[in-house]
Each structure stands twice: as C-alpha cells, then as structure tokens.
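Read through the structure below, which is laid out as structure tokens, and then see the notes.
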Amino acid sequence: MKSIEKIIEQYKALNLSDIVDYDKFNAITVSHHSTKLEGSTLTELESEILLNNHMTPKGRPLSDVYMVADHALALSYVIKQAKNRERITVDLIQHINALVLKNTGEIINNAFGTFDLSKGVIRKWNVQNGRGDSYPAFQKVEDKTKELVAIINEKMTDDLNVKEATDLAFDMHYNLVAIHPFGNGNGRTSRLMMNYIQVYYNLPMAIVNSSDKEAYIQALRNTDETGNKKFFNDFMYDQYEKYLLHIISKQEENLKKNTNKGGFNFVF
C-alpha cells in the first residue's frame, strides 16, 4: 500500500485546482458528508444544487437545508483563514461553531442563564454521548479547550512533514470531539478544525464518508475506552487514502478521455 505522502504527492501532481469547478466540488463533498453524518437527509446531488444554484430541494426539512448551507459557509471561512495562516484560538473555534449553527442553533435556558447556540457559546451544562457516557463536566470545558488550543499551536511549527501535519489534524479532530465544548455541532466543528490544519499545511481536506458512520463512531469509542489514538487514526487514514485514491483514479480516467474541459462533476 502506498504511504499517505506518496498518495498526496500523486494527488497534487494532478493540479486539480486548475480544473474548472474542482474546488467547488470538493467543498460540496466535504459539507455533504459532514452534515449527512449528523442526520441531514439531502442527497449529494441536492446539496450540490442547493449550494451551486441556491435551489431548495423539495420535501426536505428546512433544518437540513440550513445545516448544509451553514456548513458550506463555515467551510469557506475555514479555508480562507487557514490559507491566511491564522493561528488557532478558542475564539476562532467558537466562531466556526457559530457559523455551523447559524440558522439552526437553539436557545438553551438553564440555571446559569440563557444561551444562544448560534453564537458559538461554550456549554454551561453537562452532556452525554449516545452510550450514556459523560463528556467533561461543563466547569472544565473552557480550560480543556484552551489547553487543547495551546498544545495544537505549540505543535503547529513550519517544519512539519506531511505525516506529522496529518497526524496533528486528526488529533485536533478527535480531541475536540472528546471535549464536546458546544451545545451542538461538535462533530461538524471538529471535522472543520481537522480541515483547517490540513489547509494550513497545504494538504487536501479529508472527509468521513457518511456511509461509514458506524465505523467512525466505533473508532471514536475504541479510542475513548482505551486511550489509544491508533484506533481513530487508523480509521481516519483509511478514510483519507480511499477518498484521495478515488479522486486520483477518476481524474486519471478523465485525462484519458479528455473530458475535464467542461468542469469537474463526478460524485463520491
């Protein structure tokens, strides 16, 4: 099997960003799969029509439409800030979460006050995962998020190689999910922060394919229970490699057929 370095080298050699619509296609794919993981009912074609043509698919919940549109907005912001080499801060993560929940964030009322989730507020209540296991107590969330940001920034040196930068992106993804700092949108925000680090280091963005949701949850669970990040990282490397190899294969087919003049339109 090829190393991730060789796969990314092969991917970059195709100069996909020079192809009409490729970057747009890639962003739609990222947004579609991330929101599908969280329950969006839109198909990839419906997501494409929504984001390209601003046409709302018939028969789909408005909340799902907003979920996809808001994720696309957040991803656009992530790409812009990462290309500008902006350092990661807690405020940055909160702003990204606010964009993710721009039109779907709920209002939460509890003993500590009223909280608008569309503002990217750090949670002031305790939450559990689907297994009934608790995430860090709300009193610890802000400090843990600050600690994570400090660790990530310390490791984000200019001399990271492809493997080191990819590992760091996956570490950010897992650890932010594990903290679960927000009332909603933690998965989407964590995957966007993974993409942030990848774009920062000029790497292609990874996705978690929505058809592999069960395996994704299991990988998170295995790392939660053992403290061994190998379970999660192995899953993410498998996802990353499959996605990139699929794109490479399709583009090589297109080059043989000379069909890419009209833009990039295959579906993953």
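Here the Cβ of each residue, glycine as well, is placed from N, Cα and C on the backbone.
Some features that TrEMBL has for this protein:
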ACT_SITE  His180  active site
DOMAIN    88-238  domain 'Fido'
SITE      Glu38  site 'Important for autoinhibition of adenylyltransferase activity'
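Residue pair Glu38 (site 'Important for autoinhibition of adenylyltransferase activity') / His180 (active site) shows a Cα separation of 15 Å. Here His180 (active site) comes close to Arg123, Val127, Asn129, Tyr135, Pro136, Val141, Asn186: these same-chain residues lie at least six apart in sequence, with C-beta atoms under 8 angstroms from its C-beta. Across the residues of the domain 'Fido' (88-238), the predicted structure has a mean pLDDT of 97. When other Cβ atoms within 10 Å of the Cβ of Glu38 (site 'Important for autoinhibition of adenylyltransferase activity') are tallied across all protein chains shown, the result is 18.
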